[in-house]
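For reference, Swiss-Prot lists these features for the protein:
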REGION    82-116  region 'Helical arch'
BINDING   LYS83  DNA binding site
BINDING   ASP130, ASP153, ASP155  Mg(2+) 2 binding site
BINDING   ASP130  Mg(2+) 1 binding site
BINDING   ASP155, ASP201  Mg(2+) 3 binding site
REGION    188-224  region 'DNA-binding'
BINDING   VAL209, ILE212  K(+) binding site
Amino acid sequence: MSKSWGKFIEEEEAEMASRRNLMIVDGTNLGFRFKHNNSKKPFASSYVSTIQSLAKSYSARTTIVLGDKGKSVFRLEHLPEYKGNRDEKYAQRTEEEKALDEQFFEYLKDAFELCKTTFPTFTIRGVEADDMAAYIVKLIGHLYDHVWLISTDGDWDTLLTDKVSRFSFTTRREYHLRDMYEHHNVDDVEQFISLKAIMGDLGDNIRGVEGIGAKRGYNIIREFGNVLDIIDQLPLPGKQKYIQNLNASEELLFRNLILVDLPTYCVDAIAAVGQDVLDKFTKDILEIAEQ
């Protein structure tokens with residue numbers, strides 16, 4: 001005997017009421033999944049269905065979708081050439097590639113518009129999704145049993161705690177605090193942030209200390225502490241070229257820490273586009289958590 005519509009609704013409401021988690025979606029990042037799957041058709045409906053499916057899988061009482069809208073004003077203030085390498089890459093596109101990109105971003109815009117009818121969805125000009133996600137975790141993460149970050153971006157692992165994990169829809173893997181060494185060659189988030197400050201991030205055009213990769217960086221952090229501890233101890237002993245480079249990089253280390261430390265600088269990153277913007281975003285997120 002098939003279920004009545006009333007029974008189906010009752011079970012759906014009971015399932016929703018049992019959810020205790022928060023899910024934060026890297027919305028632009030998720031959109032590129034459809035582009036990389038060579039989708040040349042509108043994908044708004046599939047986009048929202050994917051988020052709904054993930055929300056059910058991760059028992060999300062609250063789901064928040066975030067999008068990027070231009071480069072981070074905050075990071076550009078500290079590093080004017082931030083992500084400048086991407087501008088060069090885009091300038092070299094063929095006319096066909098430009099047309100496909102324009103079409104994709106139109107479809108992505110449609111996906112976000114449809115998403116707004118189902119989930120709280122935010123894009124702020126000059127603020128990156130990373131910073132909004134970090135602030136949401138800081139502001140309301142403690143109100144939930146667990147927080148799930150949906151992104152392929154490993155930078156989001158700077159937000160991991162015992163109660164915060166990440167799922168990547170490309171690797172189909174979950175990333176937890178206990179797995180930091182396996183995925184990032186460090187023992188914890190503090191070391192991960194310090195390693196990123198030392199190495200930089202060429203993908204974002206952030207220069208690091210020349211001659212120091214993941215292995216050397218990890219060994220330095222293990223011996224001398226986090227990046228602020230290292231700065232306090234400069235110059236470090238040693239005649240190796242990479243040590244000399246490190247000793248000459250105090251300003252670079254400070255700058256890079258500001259650029260990569262999402263938990264510490266997320267508030268500043270949002271406020272960089274206006275205190276009123278931060279205040280409204282704070283109010284909106286707190287209201288969502290109360291629902």
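Every residue gets a Cβ built from N, Cα and C, even glycine.
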Whole-number Å only: compute the distance from the Cα of VAL209 (K(+) binding site) to the Cα of ASP153 (Mg(2+) 2 binding site).
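Cα to Cα, VAL209 (K(+) binding site) and ASP153 (Mg(2+) 2 binding site) are separated by 22 Å.
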When you scan the chain for residues with a C-beta under 8 Å from the region 'Helical arch' (82-116), skipping those not six or more beyond its ends, what do you find?
27-28, 31, 34-35, 39-45, 47-48, 51, 65, 67, 71-72, 75-76, 123, 202, 204-206, 259
My understanding is the cutoff is Cβ-Cβ under 8 Å with a sequence separation of 6 or more in the same chain; which residues meet that for ASP201 (Mg(2+) 3 binding site)?
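The answer is ASP155, GLY208, LEU259, VAL260.
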Work out how many Å separate LYS83 (DNA binding site) and ASP130 (Mg(2+) 2 binding site) at their Cα atoms, rounded off.
15
So if I measure Cβ to Cβ from ASP153 (Mg(2+) 2 binding site) and keep only same-chain residues at least 6 apart in sequence, which ones fall under 8 Å?
ASP26, ASN29, ASP130
ASP130, ASP155: which of these binding-site residues has the sparsest Cβ neighbourhood within 10 Å?
ASP155
For the Mg(2+) 2 site (ASP130, ASP153, ASP155), what does the 8 A shell look like? I mean other same-chain residues with CB within 8 A of the CB centroid.
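Other same-chain residues with Cβ inside the cutoff are ASP26, GLU128, ALA129, ALA133, SER151, GLY154, TRP156, THR158, LEU262.
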Summarise the model confidence on the region 'Helical arch' (82-116) as a single mean pLDDT, whole number.
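In the predicted model, the region 'Helical arch' (82-116) has a mean pLDDT of 92.
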Could you count the residues of the region 'DNA-binding' (188-224) that DSSP puts in helix, in strand and in coil?
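Split into helix, strand and coil, the region 'DNA-binding' (188-224) gives 25 helix, 2 strand, 10 coil.
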Which residues in the same chain, at least 6 apart in sequence, have a Cβ under 8 Å from the Cβ of ILE212 (K(+) binding site)?
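When sequence neighbours closer than 6 are ignored, ILE212 (K(+) binding site) has ILE198, MET199, ILE220, TYR242, ASN245, LEU246 within Cβ distance under 8 Å.
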Can you tell me whether DSSP puts ASP130 (Mg(2+) 2 binding site) in helix, strand or coil?
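Assignment for ASP130 (Mg(2+) 2 binding site) reads helix.
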Is it possible to list how many residues within the region 'Helical arch' (82-116) are helical, extended or coil according to DSSP?
29 helix, 0 strand, 6 coil
If you count other C-beta atoms within 10 angstroms, which of the binding-site residues LYS83, VAL209 is the most crowded?
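Of LYS83, VAL209, the one with the most crowded Cβ is VAL209.
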